[in-house]
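Chemist: The structure under discussion is supplied below as structure tokens; questions concerning it will follow.
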Amino acid sequence: MLGFLKRPVVMTTDINLNVVVLTGVGLLSRLWRLTYPRAVVFDEVYYGQYISFYMKRVFFLDDSGPPFGHMLLALGGYLGGFDGNFLWNRIGAEYSSNVPVWSLRLLPALAGALSVPMAYQIVSELHFSHCAAMGAALLMLIENALITQSRLMLLESVLIFFNLLAVLSFLKFSNSQKHRYGKWVFFLVNEKKDLGIKYMGMFTYLLVLGVAAIHAWHLIGDQTLSNVCVFCHLLARAVALLVIPAVLYVLFFYVHLILLYRSGPHDQIMSSAFQASLEGGLARVTQGQPLEVAFGSQVTLRSVSGKPLPCWLHSHQSTYPMIYENGRGSSHQQQVTCYPFKDVNNWWIVKDPGRHQLVVNSPLRPVRHGDIVQLVHGMTTRFLNTHDVAAPLTPHSQEVSCYIDYNISMPAQNLWRVEIVNRESDTDVWKTILSEVRFVHVNTSAVLKLSGAHLPDWGFRQLEVVGEKLPRSYHGSTAWNVEEHRYGKSQEQKERELELHSPTQVDISRNLSFMARFSELQWKMLTLRSDDSEHKYSSTPLEWVTLDTNIAYWLHPRTSAQIHLLGNVVIWASGSLATAAYALLFLWYLLRRRRHVCDLPEDAWQRWVLAGAVCAGGWAVNYLPFFLMEKTLFLYHYLPALTFQILLLPVVLQHINDHLCRSQLQRNLLSALVVAWCSSACLVSNALRPLTYGDKELSADELKALRWKDSWDILIRKN
């Protein structure tokens, strides 16, 4: 039984020294003088704010993608002991002594360094030669733009790392099925963390998913496998490629929301319920408010849509002008607007039309779906009203006002029907924060709506509120929720005004579930419009391919040393040529195979197709979608696509050498061209090194050579 103890336990392992060496030089190129410059560099001002929010547990919203990448950056700050106390207000600001610059930049640098040996392994797993794999790794190593981006507190290098990891995992899975379930399931499960960095990682995920689907389709047709075996294979793929990524995606947000439990500047765009679930801020105001809105309740009504900005139903003593600038007349009634700040004039009283009292009776009568109410402005005691008068800025809608009796033939029309949009039944009670309600005018059937237009100066630039006559469908601009709520106790106007100025004091609290907060956060991220304004260094996708753009990341305040995001023109141009060459060759082979002319053996053809699907496909899915995006774009958006071009380049060169060069002379000539090309790529990389690391002062002539068209001048002067 214990016979195994009589023999020594022996373990053997294979160590690829190429991978070890590539990892070492990759670390050296990315970690060397990592703390320089000790100043905020370009988008570090953007990501640094989020790291500080994590350190202080303050909620924030970033629509660029899931929070996994931000959490990785914050992990570096946490390990370095960062307390979050730094004002990320401008590029070039010197870091204070409490900012652990090395720790904050460490994880992106490690991701950039490990991408070098990963490129070697991917080309090897595609069954190309050791020389081709080494070529891909060396190109990743010396590409200036990749070095620059990975040495800073930015997320592109992390996204590239997980993109490559996903591809490598699938290739290892494909090549390791003969080693049974344990190994290839491990590779499959390791697949999709790039989706947690930025939403751009979704395109690489879809690419791998498509290749896996084709692989599974061929697997179904494999007659050597039993039905049970095929089912197990498909089930494992579905779990690893669909279920686990979905679980991880939700898990990232779960950790994100657990960590960020305090109110902050970004939660203003969230719903009242979401804000009330955060510690501090609105939660301090709404904690313990009465849950059920009753006749006599004093409430503030917040627009659910939050667009163009969060605001509350508001009125004040000023009236609409008698005649507008365009000559149209108004009712000259008291203005009703939507005001984007907390104010005592945001308070309204929910009144029972059949009673004169403006207080909550005992026992209280809760307002239910379908009840008719009057909304009385708390400070002026005028009734919310709408009538068949054109709105100031939206003539096809009705004006909304607070009624003033001018003793003319314009009767009050101030009855509103409460419709709870998110009700579970037709007897639901109107609830504080949780209920989204529409107010339907009884006389005209118009719906109270935030139009979003800014009123002129006579309306104090506040937002217009109208009565929508024919609402086409439900929209957030027609829905309102009670944010602040108290049961009115004072019948006299002066006492009521004092009551409205005082804070609420009730002792009941409520919180949203995680799934409710997760769902709202997803919707806000999808619908939040980013700033589309032009930037000094913004560029178009066409400019990326030709490298006809760059970004000045940092300038030394006292010398001419600086850092630019500038690619190696030899590598970028060669990558584009390789992509075009692959497309042309693939189409040529495909047409000839259609004519039953097979230029390549079947195994070489399958290898060529897979390499194209992974490398050329990876370039396409990470580049072409930018042509459809209406956002400010920068050169660094092209880097994930560039990495796949770098992988494709040695693949195309080996294919030309193996299958298109018919004689030894042609192969020798190709080898000489490759050597010359590699030498020029290294020379350009070295020439651009001062702009990559920013550790050297540059002359005026060198500073002019920032565009790739002038970079040869640098090279000529240096040699």
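The backbone N, Cα and C atoms fix where each Cβ goes, and this holds for glycine too.
Bear in mind that TrEMBL entries carry predicted annotations, made automatically and left uncurated.
Sharing the feature lines straight out of TrEMBL:
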- 290-353: domain 'MIR' (DOMAIN)
- 364-421: domain 'MIR' (DOMAIN)
- 425-485: domain 'MIR' (DOMAIN)
- 15-32: transmembrane segment (TRANSMEM)
- 127-147: transmembrane segment (TRANSMEM)
- 153-171: transmembrane segment (TRANSMEM)
- 202-220: transmembrane segment (TRANSMEM)
- 240-261: transmembrane segment (TRANSMEM)
- 565-588: transmembrane segment (TRANSMEM)
- 608-628: transmembrane segment (TRANSMEM)
- 635-656: transmembrane segment (TRANSMEM)
- 668-688: transmembrane segment (TRANSMEM)
Chemist: Same-chain Cβ contacts of the transmembrane segment (127-147) under 8 Å, 6 or more residues past its ends?
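Modeler: Hits for the transmembrane segment (127-147): 18, 22, 25-26, 29-30, 112, 115-117, 119-121, 157, 160, 565-568, 571, 607, 611, 635-636, 639, 642-643, 646-647, 649-651, 653-654, 678, 681-682, 685, 688-689, 691-693.
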Chemist: Among the recorded stretches 15-32, 240-261, 565-588, 635-656, 668-688, which has the greatest number of Cβ pairs closer than 8 Å to the transmembrane segment (202-220)?
Modeler: 240-261
Chemist: Does the transmembrane segment (565-588) reach the transmembrane segment (635-656) with at least 3 CB pairs under 8 A, where each pair is 6 or more residues apart?
Modeler: yes
Chemist: Which residue counts does DSSP yield for the domain 'MIR' (425-485) in the helix, strand and coil classes, in that order?
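Modeler: The breakdown for the domain 'MIR' (425-485) reads 6 helix, 27 strand, 28 coil.
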Chemist: Do any residues, 6 or more residues outside the transmembrane segment (15-32), come within under 8 Å Cβ-to-Cβ of it, and if so which ones?
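Modeler: Cβ under 8 Å, 6 or more out: 106, 109-110, 112-117, 120-121, 130, 133-134, 137, 140-141, 147, 150-151, 693.
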